[in-house]
C-alpha cells in the first residue's frame, strides 16, 4: 500500500484518526528501513539529542518548533516514545513518518517502554484498544520496537543510550554484536542498556526498578576511556530542570517531556551538539490546555504504578 507521508503528517498534527491499514503500511515500511541500521547508529554533528516523550504529542510538536524542525535539524531520540501520555500512538507514528521522510535526520533509539510487557501496563495498549477497538495497531508498533537501535555514536565522541551501562558490556563492539530484534530480555546487556541509572555509588549496585543496575563515576570513566568517547547522553529519569550533568560532565540525562504525566511541573530540555562538540541546551515548557487539546488530563481505565516517576 502506498502512503502519502505528508498527508499523514497533517492528520497526526491535527489529531485525526489514522486508519488501521495506514498504520500497518507505516510500520512495515519502518521495519524495512530500521532493519538496515546498526545496533549503534552513527550520527554526525550538528545534532539535537532528545529524551523521553511519553505520548505527549503536543509537547513533541513544541520540541520540534523550539529546536529548528526536522527539515533543517538532525535529531537523536533516546526512546520512551510511548506510555503515560495520552497520545502515544500519534507521537510514535509522527516520529516514524519523519524517519521515513527524512531517514538521515532522525535516529530512534529503543527505550525500556518500547516493549510488549511494559506497554501492556503503562498505557499504550489501552490507548490503542480505546481508539481502535482491537490490539492490531499495538502489535504492529511492537514489531517496529524490535528493530530500533540500542544506541548511537555521535562523531565517535558521544555515546547515546536510553538508560545506561551494563556490567556485561565493556565496548561498543559488544553492543553491536547483540541480536536486538527481539522483546527486551529481563536481564543481561540489552536489558541493562535500557534500564540502568547513574547514581552516587562505588560500584555496580542493584536497581530499585527491578531491572538494570545503578552505576557510578568509576564505571562511567572506565567506559569513556575504553571506548575513547567524551560523553554518555541518556534519558530514562525525570529531571525537574530538563537536564542534569554528572560525573564531571562525563554523563548527561536529558528529559524532554514537560509537566510529565500532566502533573510533575517540570520543564523539558533538548541538547544540541555543535560541530566542535559544544553543548547547547534548550529548555521548554508544557503546552497549555486549550480547546480540549494539549496538556490535558484524560482519565485512564486502570490504575498505574508510579515507580518510574
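Think of each number as a place in line: the chain as shown, counted from 1.
Cβ from N, Cα, C; glycine included.
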Of 17, 162, 186, the one that Swiss-Prot places in the same Mn(2+) 2 site as 80, 112, 236 is 162
Here the Cα-Cα span from residue 54 (Mn(2+) 1 binding site) to residue 113 (active site, proton donor), rounded to a whole number of angstrom, reaches 9
Long-range Cβ list for residue 52 (Mn(2+) 1 binding site), cut-off under 8 Å, min separation 6+ in sequence, same chain only, gives 78, 79, 80, 111, 235, 236, 255, 256, 257, 260
Rounded to a whole number of Å, the separation of the Cα atoms of residue 113 (active site, proton donor) and residue 162 (Mn(2+) 2 binding site) comes to 10
Counting only residues outside 52, 54, 80 in the same chain, those with C-beta within 8 angstroms of the Mn(2+) 1 site's C-beta centroid are 51, 53, 55, 79, 81, 82, 83, 84, 111, 113, 235, 256, 257
